[in-house]
Amino acid sequence: MYFYGTTGVNNKGHLEIGGVDSVELAQEYGTPLYVYDVALMRERAKGFKEAFEQLQVNAQVAYASKAFSTIAMLQLVEEEGLSLDVVSGGELYTAIKAGFPTERIHFHGNNKSREELEMALDNRIGCIVVDNFYELALLKTICSEKDTKVNILLRITPGIEAHTHDYILTGQEDSKFGFDLQNGQAEKALLTALQCPHFEVLGLHCHIGSQIFETTGFLLAAKKIVEKMEAWKTAHSFEAKVLNLGGGFGIRYTKEDEPILPSQYVTEIIKEVKNLTEQYSLDMPEIWIEPGRSLVGDAGITLYQVGSSKEVPGVRKYLAVDGGMSDNIRPALYQAKYEAVLANKPLAKSNETVSIAGKCCESGDMLIWDLPLPETGEDDVLAVFCTGAYGYSMSNNYNRLPRPAVVFVENGDARLVVKRETYEDLIRLDLPLK
Ligand SMILES: *Cc1c(COP(=O)(O)O)cnc(C)c1O
């Protein structure tokens, strides 16, 4: 098995995380259970922050909270001194309830509503990343109604294809996000924004995709944007104070994935932007990045109780667990791959290959295909690694399954940070027919 963060095997032979026995966690809090290694999340946050500090570059590292947004999580992000990205009123509300300093919150999204924009302005958030002409006009109207000024970035589609899964490509021209750089939309948006007295145009933003393992895409995007910064300085006297290169840094889900360190991304991006700005005689802008997955993904483990199994002779053996696409939809949505072990005997030799099925009424509800495991029975607890990003945050109540609890572990202590949903919670919003 691969040891992420503080995972290890304790003297009972059980999988341990954050100094806590995972089998005991499953017993105490029930399953399915999300467990987060707090020390690893802190280490990742510091990895990004310190890389900028060492290079003495003004920066903001904003956690893309859509990866995993809860009050405790956002409080941890605040403790680590990061900024925060939100993409909806609900994420903004969570941040406000977590006491997150609103001046360090950035608001994204391709269809922010009037209500969401008003909420952002009323809470004086740090900046709004404007995605399209509709939003530009709407925000201008609301700002003049409220007679207020707001910091904005313009979201640019630089036309870079990052190597990743098609479903999560966002940097190519044919994208629902952002103002296109090639066809003049971005420049038109800039001119519109510069004419509006309610906007302080801080700079430009792009986000080229997700689960990216190379720096090439970021460097190409930086080059395209810095070239435009030069052109727009000459043509419109616009000088971008901020260059935001988004998130998308890849992590290790399985042995096929070979991520580079946070500091490597940062170092190469900075080097490139420094070179480019020197070449074009521009001031070095502040560099903002927006890691989501890479801050929380490999810090999360999901624990499941093993249940029924079914042998299809000569084909495969299905082993079912007490969760599935309701708590982790990524395998069904993106064919995402995971590794897993038995939490009660992680080092036992594998002697069969099984496919892990969820319990939802969909044939596509499979968590892992062809997983090598030791002989497995009812008393076993399955630990699926690397579920910290887009797992709980995409969880749902399909089949009216209650959402799992979430526990943070650190230095031998476990803390419940999200309660397990109850059946009562499931019908809380339902109203009777008569
Ligand atoms: C989703 C998203 C991110 C985070 O992406 P990760 O792949 O989780 O790092 C960052 N910025 C924007 C604008 C996003 O939409």
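Note that Cβ sites are derived from N, Cα and C of the backbone, with glycine treated the same way.
Site annotation (TrEMBL, ligand pyridoxal 5'-phosphate) includes Glu290, Pro291, Gly292, Arg293, Tyr390; from Gly209, Gly217, Gly248, Gly358, the additional listed residue is Gly248. In the three-state DSSP classification, Glu290 (pyridoxal 5'-phosphate binding site) falls within coil.
Set side by side, the binding-site residues Glu290, Glu362 differ in how many other CB atoms lie within 10 angstroms of their CB, and the most is found at Glu290. Its own atom aside, the Cβ of Gly248 (pyridoxal 5'-phosphate binding site) has 27 Cβ atoms within 10 angstroms in the protein chains shown.
Cβ packing within 10 Å was compared across the binding-site residues Pro291, Gly292, and the lowest neighbour count falls to Gly292.
Highlighted here would be the binding-site residues (Arg330, Tyr334, Glu362, Tyr390) whose C-beta falls below 6 Å from ligand 1, but none qualifies. Taking all protein chains in view, 16 other C-beta atoms sit within 10 angstroms of the C-beta of Tyr334 (substrate binding site).
Counting only the Cα atoms, the space from Pro291 (pyridoxal 5'-phosphate binding site) to Lys66 (N6-(pyridoxal phosphate)lysine) is about 10 angstrom.
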